[in-house]
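Participant: Let me give you the structure first, and then I'll get to my questions.
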Amino acid sequence: MDKNFYKNSLNIFNSNFSMKANLSEKDKFYADFWEKNQIYQQILRKRRGNPRFILHDGPPYANGDIHIGHALNKILKDIIVRYKTMAGFYSPFVPGWDTHGLPIENKIINQIGSKSTLEIRRKSNDFANSQILAQMKQFKKLNLLTDFKQIYQTNTPNYEAKQLKLFKKMVSRGLVYRALKPVYWSPSSQSALAEAEIEYLEYRSPSLFTSFDIKKGNNFVAENDKLIIWTTTPWTLIANSGVAVGENFDYVRIKNGENFYVLAANLLEKLAVIFDWKHYEIIDNFPGKSILGIKYLHPIFEKICPIVSGNHVSLDVGSGLVHLAPLFGEDDYWIGRENNLEMVMHVNDDGKFNENAGQFSGQFYADSNKLITEFLEKKSKILHLSFIDHSFPHDWRTLKPVIYRGTPQWFVSIEKIKKDLEKAIEEIEFPENWLKKRLTKMVVERKDWLISRQRSWGIPLIIFYDQNKEPVLDKPEIFDYIISLVEKFGSRIWYEKTTDELLPEKYQNLGWTKENDILDVWFDSGVSFFAANISDEKPPFDIYFEGSDQYRGWFNSSLINSVIYFGFSPYKKLLSHGFVVDAKGNKMSKSRGNGVDPLVILSKYGCDIFRLWVANSEYYNDIVYSEAIFEQNVEIYRKIRNTVRFLITNLADFKPKKYELTEVDLYIFNKIQKLKNEIIQNYDQNRFVRVVKIINNFIIEFSNFYLSIVKDILYADKEESLKRRQVQYNLYELLQVLNIAIAPIMPTTAEEIYSFIQKNNKQISVHMEEFFKKSHFDEELDAKWDEFFQIKDSVYQLIEQKIKSKEIKRPNEVGVLLKTDSDFIKSIDLEKLLMVAKVEFSNEKTEILQLNWEKCPRCWNHFEKINKVCARCFEVLNEIVPEKNS
């Protein structure tokens, strides 16, 4: 008989499930399929009566194309939502967008110039809405399980009105107050900033040691003695109105040359080196409290200022004497208030000096450092000047340096709700305890929250001032009236109407004015738990999941707002992920030149491989993107796909039915149950990288052992043989498990696989299926097979030696004489399991037998020749062409 006869007699089937994925085409095909059949809506209807699981989407900013960080975040969330949905939960996912803020406002101002506030707001609103549509189109390419017709955005009248209801609640609880205090001020944005809007970048500052002359001494210091002062902000010396000492620190009066200096005793040796003092003399030693009240001459202007006590004085750096400019530092401010120091503001909103700066008027603050240093040099007041590179606060939007600057601002008191916040944090589940500490530090250690901004595009602070310029905070009916207008017309009404038109009739024509500031944009997004309609679900929601920078942002503002409004956290569990970095560990962004467009990646690899990269990343750290890492995930995908293709192809003639299994089939079936349990456990823990690794490792082990031994059965046994059906039963079980297991991560591939699976009660989509449940795993059965694998390893060491010495070409040529006393080992089909021609048992030693048997032309196994083919193939062929095989 010719070779084709033998080949055609084998159980070899073809499959339309191709090795090549063509994911880009299939992404579009299945996205259309899901939308046409309203799969998401069907899932929600099917699950509506089930337990709830809500992952609340933190709103990205509606400006520009989505970046790789956006894609990472949305995919991570989608994996959770898909898993929870398949696990039986009602889990609607409502995407949101944050729409107000400086980037959009600046973009509009650059386009149209300095127009009216109304025009800026109208254009900004239109632009934000257009950006939502653009980003929505891009997010759709990520195959998210959601309905983009059901979204929330922070610029709708209903959302804005709810936000102002929460603000009213803050006012009614006495948490909102106005004060002149130093706050982060961005000259580039010309607005106050909260801590959450600060980014620390490297910056070069002068390190200046100068001296202030004492005007009148006492028993410890004398007139014209020089106080040594250290500063990195010479521009603030204009606003100096005091010097702080540590009351209980030791200070010295020393003589160097013709001059007498005062400084902290502990810093003398260090400063003597810096100043190159080689022959100084200590004249006196005294505690800081001994010179409290001593007056000195201002370093620039002809005025006299006092020495006061300061708890913030440190002996780590400087001289132990701290220059105070009360409107340019928080500690300075409180010390200034306690000691009635002069509050000098010499910097305008744009960072330029006003008339209070005298001869330096009109200078930009940063440029004045050089001029002020030169001025002091001429007066022989500089002891040392150098420059330091250090981490310095910058505006997170413009990336320009910010300053502390005292301006009248609106605040929410955190001090008053500190205990409530601490209690709420105790109820939150964190994956790691240090994350709990991080949130606590970010929220609870704040004294207050700066909520006012001096911009146009945002939600107005709906506060009125009476005829005496005092804010009116005790009239709830006024707030209710404004909120009703905003709910009807949107927040633009505040700018379209006059003050009297915005007030209830009884408060009109009293000479009142309205506030011009807007609310912090973190206030906007931070009310989404209340203002957004999440399918009519109410907080607390199950999970908030954003980038790690949101501990100071959305996590922070949401927690504060919810505790104020509801008395509890808006989230039960908090998850965060790192930033996407390049192969060198640098954060990826367009500005750095190392940014990568997620849409380009999707076009090249397809959505499922992009999603696999996300799932296969340890997201709790920074996530590395590189071509090499993506190619690794391509290989993992290929391995999964090829395994699935093998399963589908070899199940072509299988009708789902339960079979009694042989020992090895039972062992593999048991392993599949363990696989299921581990997948469930890691999905429950949101450890997707472990899910991918568990699946990948299982496939490798499954292919190396089980598929190696059963291919012979699948291809060469009778089509209806019990052994073959037993193997197919395991293949079918694994195919179903893999199909469900990868569905949350690779929805397109899972849907394609599902179309090839035969089963009863089949759904229209795999994503409407239920996730498999935990199964019994027999540890005793699993452990029993350890003995076999030890024997297999020892046998194959001997076989490899034979192959290496070229005595044989492959294992199935040999026999094995096996030494064992194990009843279990003797009971299993060792010839199949070891893939050798013959196994016999020995009481002496294990050895390899060279048989010189014939190779079966049909199955290629080696056999002791009786017929043209081996006994098994003889039996199979005899049913096809009787008596022609002998």
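Just so it is clear, glycine is given a Cβ too, placed from its N, Cα and C backbone atoms.
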Participant: What range among 60-70, 379-389, 511-521 does Swiss-Prot record as motif ''HIGH' region'?
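Facilitator: It is 60-70 that Swiss-Prot annotates as motif ''HIGH' region'.
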Participant: Which range is it, out of 152-156, 437-441, 547-551, 587-591, that shows up in Swiss-Prot as motif ''KMSKS' region'?
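Facilitator: Here Swiss-Prot associates motif ''KMSKS' region' with the stretch 587-591.
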Participant: Work out how many Å separate CYS870 (Zn(2+) binding site) and GLU546 (L-isoleucyl-5'-AMP binding site) at their Cα atoms, rounded off.
Facilitator: 63
Participant: Is it possible to list how many residues within the motif ''HIGH' region' (60-70) are helical, extended or coil according to DSSP?
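Facilitator: Per-class counts: 3 helix, 1 strand, 7 coil.
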Participant: Within 8 Å of the Cβ centroid of the Zn(2+) site residues CYS856, CYS859, CYS870, CYS873, which other residues of the same chain have their Cβ?
Facilitator: ALA716, PRO857, ARG858, TRP860, ASN861, PHE863, VAL869, ALA871, ARG872, PHE874
Participant: Let me know the most crowded of the binding-site residues, choosing from CYS856, CYS859, CYS870 and counting other Cβ atoms within 10 Å.
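Facilitator: Top count of Cβ atoms within 10 Å goes to CYS870.
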Participant: In whole Å, note down how far the CA of GLU546 (L-isoleucyl-5'-AMP binding site) lies from the CA of CYS859 (Zn(2+) binding site).
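Facilitator: Between the Cα atoms of CYS859 (Zn(2+) binding site) and GLU546 (L-isoleucyl-5'-AMP binding site), the distance comes to 56 Å.
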Participant: Other than its own, how many Cβ atoms are within 10 Å of the Cβ belonging to CYS873 (Zn(2+) binding site)?
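Facilitator: For CYS873 (Zn(2+) binding site), the count of other Cβ atoms within 10 Å is 24.
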Participant: For GLU546 (L-isoleucyl-5'-AMP binding site), which residues of its chain lie six or more apart in sequence with Cβ-Cβ distance below 8 Å?
Facilitator: GLY58, ASN73, GLY553, TRP554, PHE555, SER576, HIS577
